[in-house]
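What follows is a single structure, written as structure tokens, with notes after it.
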Amino acid sequence: MISTLGQTMESPNFTNLDPAMFFLLGIPGLEQFHLWLSLPVCCLGTATAVGNIVILVVVATEPVLHKPVYLFLCMLSTIDLAASLSTVPKLLAILWCGAGHISAPACLAQMFFIHAFCMMESTVLLAMAFDRYVAICHPLRYATILTDTIITRIGVVAMVRGSLLMLPCPFLIGRLRFCQSHVIPHTYCEHMAVVKLACGDTRPNRVYGLTAALLVIGVDLFCIGVSYAFIAQAVLRISSREARSKALGTCGSHVCVILISYTPALFSFFTHRFGHHVPLHIHILLANVYLLFPPALNPVVYGVKTKEIRERVVRVFQRGKGAGIKMSE
């Protein structure tokens, strides 16, 4: 499969490249700004690593946070860290020194992991919406519905769903012939950016890519909307304004994360398929916003808006500071 992918690739601009290699161009039209663009990328990558590791450490070390909503948050942080590792190192290498060379197997692997992690994250966001629905609409049954076994199964389903939906894409690409170029005008091996380089029949790839995206984004957004419709209905039946505000407050962090995650995803999805007059660098910038911003902002949102996490973060750092003082003494 890999040999077919690379054997027929030729590029007049990169004739010295191994034929089984791709070359990631970065952001066409903004090459002179690559070094400057690396600064926010580096900041977002660092924020992603620090923020999500802090969330994982705090939840792991504080038994009081071993609740379904925080366990789902740990799943989200783990996926965000893995997705960031799949993109940020190569992206920085491209922006810093133009090191866009990537082998065909590595390109297919990056494509698989990036899209699979995005699908897993969508599944976890749906699970978090279900958690809020049960907490507000069926509070007395919360502990019996969201047991440790159910949470574990949801995590397994998220992994399996993302992996299985993305698995056919590398095989579908492996059957294509790349007889014109192996230069990808993108910062990572995005599915459609690679498919557009092929000179054969790419309809199966396009149809499957669109179907998988609709199955994930469409179905998950619909189910999240239904969950919040039931939540709104239940909240409106609460007579006390204070209780109503408290119930809505428990959903605030999750709603913010949904907006942060799905808004750039939808913009990227629709401009890529229907925005034919949108400049290429805008397409690529939107795709990078979709990959870089949610992982960096999710821990901040939960850290700022969730009192339990905010207090535990302060406590963990105070504990670490106290231990450091004792060692110095």
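Just so it is clear, glycine is given a Cβ too, placed from its N, Cα and C backbone atoms.
From a predicted model like this one, the values you see are computed outputs, not experimental measurements.
Marked as transmembrane segment by TrEMBL: 33-58, 70-96, 108-130, 150-173, 212-236, 248-270, 282-302. Residues or ranges marked as domain 'G-protein coupled receptors family 1 profile' in TrEMBL: 51-302.
The transmembrane segment (212-236) shares the most Cβ pairs under 8 Å with 108-130, out of the stretches 70-96, 108-130, 150-173, 248-270, 282-302. When Cβ-Cβ distances below 8 Å are used as the criterion, the transmembrane segment (150-173) is approached by residues 1, 5, 68, 71-72, 75, 79, 108, 111-112, 115-120, 123-124, 127, 191, 194-195, 198, 204-205, 208-209, 212, 215-216 of the same chain, each at least six residues removed from its ends. Listed by sequence, the residues of this chain that lie at least six past the ends of the transmembrane segment (248-270) yet keep a Cβ under 8 A from its Cβ atoms are 76, 118, 121-122, 125, 128-129, 132, 135-136, 213, 217, 221, 224, 228, 231, 235, 283, 286-287, 289-290, 293-294, 297-298, 301-302, 305-306. Within the chain, the transmembrane segment (282-302) has long-range Cβ neighbours (under 8 A, six or more residues past its boundaries) at 27-28, 41, 44-45, 47-48, 51-52, 54-55, 73, 76-77, 80-81, 83-84, 87-88, 91, 114, 118, 121, 185-188, 190, 253, 256-257, 260-261, 264-265, 267-268, 271-272, 275, 309. Within the same chain, residues 24, 26, 34-35, 37-38, 41-42, 44-45, 48-49, 52-53, 55-56, 59-60, 102, 110, 113-114, 117-118, 120-121, 124-125, 127-128, 131, 151, 154-155, 158, 187-188, 257, 288, 291-292, 294-295, 298-299, 302, 308-309 sit at least 6 positions outside the transmembrane segment (70-96) and bring their C-beta atoms closer than 8 Å to a C-beta of that stretch. Tertiary neighbourhood of the transmembrane segment (33-58): same-chain residues 26-27, 65, 73-74, 77-78, 80-81, 84, 88, 91-92, 94-96, 98, 288, 292-293, 295-296, 298-300, 302-303, 309, 312-313, 316, selected by CB-CB distance under 8 Å and a gap of 6+ residues from either end.
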